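Positions annotated as O2 binding site by Swiss-Prot: 59. Feature annotation from Swiss-Prot assigns heme b binding site to 88; the stated evidence is sequence analysis. Among the features that Swiss-Prot reports, domain 'Globin' is placed at 2-142, with the record citing sequence analysis. Per Swiss-Prot, the feature phosphoserine maps to 4, 36, 50, 103, 125, 139; the stated evidence is similarity to another entry. Swiss-Prot lists 12, 17 (among others) with the feature N6-succinyllysine, giving similarity to another entry as the kind of evidence. Annotated N6-acetyllysine per Swiss-Prot: 17, in sequence order. Summarising the annotation, Swiss-Prot assigns phosphothreonine to 109, 135, 138 and lists similarity to another entry as the type of evidence.
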């Protein structure tokens, strides 16, 4: 799914509003995912998955940093996320459906924190962006 110029602008503007809250929002999205989709916990058997866990916060920050990097390279997501794609496909062997689940909980988190900025157009653009990120992260599973 190709991001239009409007999509790219919406994604950059929305992520700009996230700003320094990105690590906290990443952790919150992970917590939402673990609560809403308990099977996702199986990929984190060594984590303390309780609310406010330092491990969840640290992984949320990794997720947020990867997305921030992706937002800065919207025209080269495959090149930008290649290492993460290798990691998730070959070492971690994460079921591809989990990227969709995290994308969903991230959208919910952003909508909750940025209600006036989370217009239908921004929602659609962020959804397309996260779908593209998910596609790239699962591209090396074949």
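Note: Cβ is positioned from N, Cα and C throughout, glycine not excepted.
What Swiss-Prot annotates, mapped onto the structure for a quick look.
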residue	record	Cβ neighbours (10 Å)
4	phosphoserine	11
12	N6-succinyllysine	14
17	N6-succinyllysine	14
36	phosphoserine	12
50	phosphoserine	10
59	O2 binding site	17
88	heme b binding site	21
109	phosphothreonine	23
135	phosphothreonine	16
138	phosphothreonine	19
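It is 139, among the modified residues 103, 125, 139, whose Cβ has the fewest other Cβ atoms within 10 Å in the structure shown. Mapped onto DSSP helix, strand and coil, the domain 'Globin' (2-142) counts 111 helix, 0 strand, 30 coil. The two recorded residues residue 125 (phosphoserine) and residue 139 (phosphoserine) have their Cα atoms spaced 21 Å from each other. Of the recorded residues, residue 17 (N6-succinyllysine) and residue 59 (O2 binding site) place their C-alpha atoms 21 Å from one another. Across the residues of the domain 'Globin' (2-142), the predicted structure has a mean pLDDT of 94. Within 10 Å of residue 139 (phosphoserine), as judged by C-alpha distances, no modified residues are found among 4, 36, 103, 109. Close to residue 88 (heme b binding site), meaning Cα to Cα within 10 A, are the following modified residues out of 4, 103, 109, 135, 138: 138.
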